[in-house]
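Some notes on the structure that comes next.
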């Protein structure tokens with residue numbers, strides 16, 4: 001009897017603690033590992049841990065140039081980390097790099113991929129990885145519904161770096177909005 | 001007189017008594033507060049209730065505009081399973097692709113890989129459903145559904161409506177409704 005009571009108590013504490021952590025991670029703040037080459041200059045492919053703020057879930061208050069965590073539309077079990085490059089209403093050149101190999105300038109004009117535009121629909125955004133050559137993003141699965149966005153990445157730790165170097169712990173850096181509005 | 005009042009006061013602010021009261025309140029408030037996250041997780045991932053607004057699912061939900069609005073039981077556990085998660089003719093609640101803060105309620109009409117015969121606002125006559133996407137339509141012909149915004153991702157689904165729980169005269173299973181949209185099924189008929 002004593003044993004059952006003790007196990008019940010332990011189970012209750014574990015359950016409450018686990019649920020508290022889960023709610024905290026989905027609604028407030030999360031610290032997790034990211035993998036993959038798609039964000040390469042910004043985030044490493046391995047041993048990079050990111051801080052994501054969940055205030056920005058469902059696309060609340062996001063801007064062009066922000067790094068986001070979202071579910072992959074074609075596979076909702078996976079989470080992806082991308083950068084927003086288009087907001088609703090923007091006109092976007094889909095992907096000029098999808099061209100056939102061309103030799104002279106005449107073929108460049110005929111090439112359709114330099115002339116394919118899309119307008120981002122209401123409630124969606126256009127996301128691309130920073131490493132365009134190795135990234136599965138809006139160019140292949142179309143614009144991303146804002147409802148799939150889980151949070152915004154605000155900082156990252158690099159665990160490849162030593163514990164303490166030049167006053168920085170584990171390669172800590174803030175991830176900023178790198179969008180520059182060019183004058184027309 | 002004054003002495004007796006003073007004694008009463010001292011009795012009220014007796015340190016040992018105050019301590020026991022504090023202990024009691026803190027213990028109970030901790031007990032109640034600590035179970036709130038458990039309840040939230042349970043509602044987010046297992047079961048919840050939802051209210052159906054509007055006329056897009058008429059006559060299945062809200063059959064007349066004068067009666068009460070319907071409340072349904074939402075099942076959320078295991079709906080992300082690939083094989084026996086979401087099926088054809090299930091009613092789902094999902095975040096609207098046009099406005100993530102709005103929840104819509106529609107019926108699944110086709111799953112990934114199906115070819116769909118679309119209706120008026122959709123720009124093409126047929127549509128192939130991409131991987132892990134759903135074609136959703138309201139039972140009423142006047143509804144904003146996949147014909148307006150295209151197939152939706154499974155990640156937007158919030159839950160599956162399984163039972164009507166209010167009003168009391170329609171408690172129970174949800175009837176079938178809507179049209180057949182899948183091209184190969186239409187051909188068979």
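Cβ from N, Cα, C; glycine included.
TrEMBL lists B:56 (among others) with the feature active site. With a 10 A radius on its CB, residue B:56 (active site) counts 22 other CB atoms from all the protein chains.
The active site feature in TrEMBL is assigned to B:106 (among others). Remark: residue B:106 (active site) has B:56, B:57, B:91, B:92, B:94, B:136, B:137, B:138, B:143, B:145, B:146 as non-local neighbours, by Cβ distance under 8 Å and separation of at least 6 in sequence. In three-state terms derived from DSSP, residue B:106 (active site) belongs to an extended strand segment.
Residues annotated as domain 'Peptidase S26' in TrEMBL: B:28-118 (among others). Across the residues of the domain 'Peptidase S26' (B:28-118), the predicted structure has a mean pLDDT of 89.
The list of residues near the domain 'Peptidase S26' (B:127-166) in space but at least 6 beyond its ends in sequence, with Cβ under 8 angstroms from a Cβ of it, reads 48-50, 55-61, 68, 70-76, 79-80, 86, 90-98, 103-116, 118-121, 172-174, 177-179, 181. The domain 'Peptidase S26' annotation in TrEMBL covers B:127-166 (among others).
What TrEMBL lists as transmembrane segment is B:28-49. Listed by sequence, the residues of this chain that lie at least six past the ends of the transmembrane segment (B:28-49) yet keep a Cβ under 8 A from its Cβ atoms are 71-77, 159, 165.
Residue B:56 (active site) falls within neither a helix nor a strand when secondary structure is assigned with DSSP, and so counts as coil.
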